[in-house]
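Visitor: Before I ask anything, let me first share the structure, which is written out below as structure tokens.
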Amino acid sequence: MHKLVMNSITRPWTTILFTVVLILTSTMGAFQGFTWSIPFKNDYKVFFRDDNSYLNDFLNLQKTYTKSDNVAIVIAPNSGTVFSKDVLQAIGELTEQSWQFEHSTRVDSITNFQHSYAEQDTIIIEDLVPLDISLTEARIKQISQVALKEPQLVKSILAEDGSSTVVNITFTIPEADMTEAVPKIANATELVVNEFASRYPNIDFMLSGIVTMNNSFQDIAIADTATRIPAMLLLVLVLLSMLTRSVSASVISLFIIIVSVVTTIGIWGWLGGELSSPTTTAPIAILTLAVSDCVHVITSYIKQIRQGNAKSAAIEHSIKSNIRPIFLTSVTTAIGFLTMNFSDSPPFVDLGNLVAIGVMLAFWFTITLLPALMTLFPLEVSKKNRNYELMDLFASFVIRYYKRIFFITSIIMLSAIIQLPKNQLDDDFVEYFDKSVPFRAAANFMEANIAGMTTLELSFNSGKAEGINDPKFLAFIDQFQIWLSSLEYTDHINSITHTVKRLNMNMHGDDPSFYRLPESKEQVAQYILLLEMSLPIGLDTNNLLNVDKSATRVTVTFQDLTSNETLELENLIKTRFESLNSPYQLLIASPSLMFSHIGATNIMSMLEGSTTALVLISMLLILALRSVKIGLLSLIPNLTPAAVAFGVWALYSGEVGLGLSVVLGVTLGIIVDDTVHFLTRYQHARKELRYNAQDAIRYAFNVVGTALTTTTLILIAGFLVMATSSLQVNSEMGLMTAITISIALLIDFLFLPSLILLLSKSSKSGNLAVSNTIAEPNGKISKE
């Protein structure tokens, strides 16, 4: 390793040439010719493994019935009612035009709702608002009365008070075409909606639905990449220039981190990796972490130059003195991110692997390319050393008041940790998006005015073909629906039983007393056949019945529920079904249920991964520091920051979702960095320089204190940039990581040295007076 470093200093152009070849070769992995070749997954199902049982239940349900990938066009007239001539005309036109979208297979609205009624001895099934009718006030009033009493419309696609409605477009998109089809459909629907908005200025149009949500993932990823990465690069340049007081050193560091990111993405392409919304934060994480290596080397170099050493000697010393702790911190950081392989969500697995690759590449470029560039280019060094003086004053403060500091920090940490149980699991895929995102705004409007966004799809299987015709089977489903309706948070139930009841009433002259299920198989079969023959193309019964009519789907919409509430609801439904001892089968599935489970299972998986990482990192530190005592001591500052941070989070929010479930693994590797650098210098001072505990603490602060402060500030800034993302899983992960890193530095600078002094033999002997010497970074002792 030493020879490699010396070659970089003595033969810098050879190192640069080798690096250029490596970068170009790596970058080719991300392109086919001049075309970007790494696929971007814009489907919400990317958050789930292929073998996820809840995903497979949902996919099987979609294969059995029609798919539920949709665009929901929300229509909210300024007049406060959809029952006016202009609004109904707009809805009718929009409904007709929606059939023209690519992959569109079904369109549902209040205008094309199949309304049935009796007319003498005939049953009429037709659009509630036929296109060719004259919308007189009397006819509009009649339409309003029918619609607002129709259970299949109200709180489904129509507000209870008639103030807003939805045109729901169902798409059947082949999985292979999803990446290209989703943005095309989203753009096409947005163009149509914009056209209608200009034609009908008194109506507000909004876009929601699964397809819109999927496209929002991609839009946010593009926006984050285009704005936040340049912002982070600029921020790093400014912070480095301010903290190191060397513009040229800052520019070189910036080049190292850009090379690290570019090479990582290229290698990811060669490995056949995919990108998704969470993985787009990888460049920010890599460049933020890569800065740390550069700062330690450059800070050490600047100190050597200030002490009068020659440039080449200063570079060699800075690399040699930092290579061991930098390697250790790179490995521990990589281990921390590799724990994300325990995650049940593939995008976070990819994110962990990407950052782990990037961190190790950053280490490689720091010990090869960085010294080569430092050799070739002039690096201005300020004569002033104010940071060193401040750090020595801080060390004196900690040494003098270590008992008070230990007591106060312990109380604060324990006070935060006891708040941990107040955190609650809550994962709502709608709230993955910031309120400024149009999809989130539309979804919130629907939830507030039409119906909740939490849905469960229940598939009841009779176990035999044509089982839907069995009155007992229908009666069982009907009774189960009555129980579901009695739950306080149920908004709407869509089921075949509503239609069969209405047809039975129609067959008896629209007598309301016959709004009930028929008593014979023949009648049920007759009604369903009548329905199928009367429905227009695209509005068949496949959304409710399977092909052999052995099973039926019941879609239940609930008010907004937390993840825990959704899981409790699932258990409640299963328990109720099992208590009835029926011969039928029940399958429950939905995106809401999938996301509720992934949050819970991911937390357990990441706890397992973090425990594994903790064991590996502890063993590595014990071996590297050659001290079981110090290795075990490092566990305290490595474990407590995340615990304290989650305690703070309990007071700030208390809601833990998918993004936060991976924070423990992510931060574990990062916060070890400060501990490793501090303890490495402390141990060197104790063993090699024979300092007592106080002077060893002072030495550690003076050697690495400024660098640790600098890197922590940059890490916080980087993850706070990530926290500005419009995607909640990214923003919460960024914010929580920034909080954890901040707490880690405070623990390493206050609690850790206080604990060391308490445990040290010199402290026990009463030799606690502040030393009148200052430990210089070069290991010498100088009088104050």
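Cβ coordinates are placed from backbone N, Cα and C, and glycine is handled just like the others.
Below are the features I grabbed from TrEMBL:
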type	residues	note
TRANSMEM	225-244	transmembrane segment
DOMAIN	250-376	domain 'SSD'
TRANSMEM	251-271	transmembrane segment
TRANSMEM	283-302	transmembrane segment
TRANSMEM	323-342	transmembrane segment
TRANSMEM	354-380	transmembrane segment
TRANSMEM	401-420	transmembrane segment
TRANSMEM	603-625	transmembrane segment
DOMAIN	630-758	domain 'SSD'
TRANSMEM	632-652	transmembrane segment
TRANSMEM	658-679	transmembrane segment
TRANSMEM	699-723	transmembrane segment
TRANSMEM	735-759	transmembrane segment
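Any idea what these are sitting next to in the structure?
Guide: Within the model, the domain 'SSD' (250-376) carries an average pLDDT of 89.
With a cut-off of 8 Å between Cβ atoms, the residues of this chain six or more beyond the transmembrane segment (251-271) that come close are 19, 22-23, 25-31, 37-38, 233, 236-237, 240, 282-283, 286-287, 290-291, 293-295, 298, 354, 357-358, 361-362, 365-366, 369-370, 373-374, 377, 379.
Nonlocal intrachain contacts for the transmembrane segment (283-302), taken as residues 6+ away from its ends with a CB within less than 8 angstroms of a stretch CB, comprise 225, 228-229, 232-233, 236, 240, 243-244, 246, 249, 252-253, 256-258, 260-261, 264-265, 314-315, 317-319, 321-322, 325-326, 329-330, 333, 351, 354-355, 358-359, 362-363, 365-366, 370-371, 374, 379, 381-382, 670, 673, 677, 704, 706-707, 710-711, 714-715, 717-719, 721-722, 734, 777.
Counting residues 6+ beyond its ends, the transmembrane segment (323-342) has Cβ neighbours under 8 Å at 1, 5, 289, 292-293, 296-297, 348-349, 351-353, 355-356, 359-360, 362-363, 366-367, 605-606, 608-610, 612-613, 616-617, 620-621, 624, 662, 665-670, 672-673, 676-677, 680 in the same chain.
Non-local neighbours of the transmembrane segment (603-625) in the same chain are 324, 328, 331-332, 335-336, 338-344, 425, 631-632, 634-635, 638-639, 656, 661-662, 664-665, 668-669, 672, 676, 679-680, 683; each lies 6+ residues outside the stretch with a CB under 8 Å from one of its CB atoms.
Using a Cβ-Cβ cut-off under 8 Å and counting only residues 6 or more beyond its ends in the same chain, the transmembrane segment (699-723) has close neighbours at 228, 231-232, 235-236, 239-240, 243-244, 281, 284-285, 287-289, 291-292, 295-296, 299-300, 387-388, 391-392, 394-395, 398, 670, 673-674, 677-679, 681-682, 684-685, 689, 691, 730-735, 737-738, 741-742, 744-745, 748-749, 753, 774-777, 779.
Within its own chain, the transmembrane segment (735-759) is flanked in space by residues 394, 398-399, 402-403, 405-406, 409-410, 413, 633, 636-637, 640-642, 644-646, 648-649, 659-660, 663, 666-667, 670-671, 674-675, 678, 682, 693-694, 697, 700-701, 705, 708-709, 712, 715-716, 719-720, 722-723, 768, which lie at least six positions past its ends and keep a Cβ under 8 Å from the stretch.
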Visitor: What residues in the same chain, six or more past the boundaries of the transmembrane segment (658-679), come closer than 8 Å to it by Cβ-Cβ distance?
Guide: 47, 278, 289, 292, 296, 325, 328-329, 332-337, 339-340, 342-343, 345, 348, 351-352, 427, 595, 598-599, 602-603, 606-607, 609-610, 613-614, 617, 621, 624-625, 630, 633-634, 637-638, 641-642, 645, 649, 700, 704, 707-708, 711-712, 715, 728-733, 736-737, 740-741, 744-745, 748, 752-753
Visitor: Using a Cβ cut-off under 8 Å, which residues of the same chain at least 6 positions beyond either end of the transmembrane segment (401-420) come close to it?
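Guide: The answer is 640, 643-644, 646-648, 650-651, 746-747, 750-751, 753-755, 757-758, 763, 768.
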Visitor: Under 8 Å between C-beta atoms and at least six residues away from its ends: which parts of the chain pack against the transmembrane segment (354-380)?
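Guide: Apart from its flanks, the transmembrane segment (354-380) reaches 1, 4-5, 8-9, 12-13, 15-16, 19, 246-249, 252-253, 255-257, 259-261, 263-265, 267-268, 273, 279, 282, 285-286, 289-290, 293-294, 297-298, 301, 305, 311-312, 315-316, 319, 323, 326-327, 330-331, 333-335, 337-338.
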Visitor: Going along the chain, which residues at least six beyond the ends of the transmembrane segment (225-244) come within the CB cut-off of under 8 Å?
Guide: 250-251, 253-254, 257-258, 280, 283-284, 287-288, 291, 295, 298-299, 302, 387, 706, 709-710, 713-714, 717-718, 721-722, 724-725
Visitor: Tally of helix, strand and coil residues over the domain 'SSD' (250-376) according to DSSP?
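Guide: Tallying H, G and I as helix, E and B as strand, the rest coil: 112 helix, 1 strand, 14 coil.
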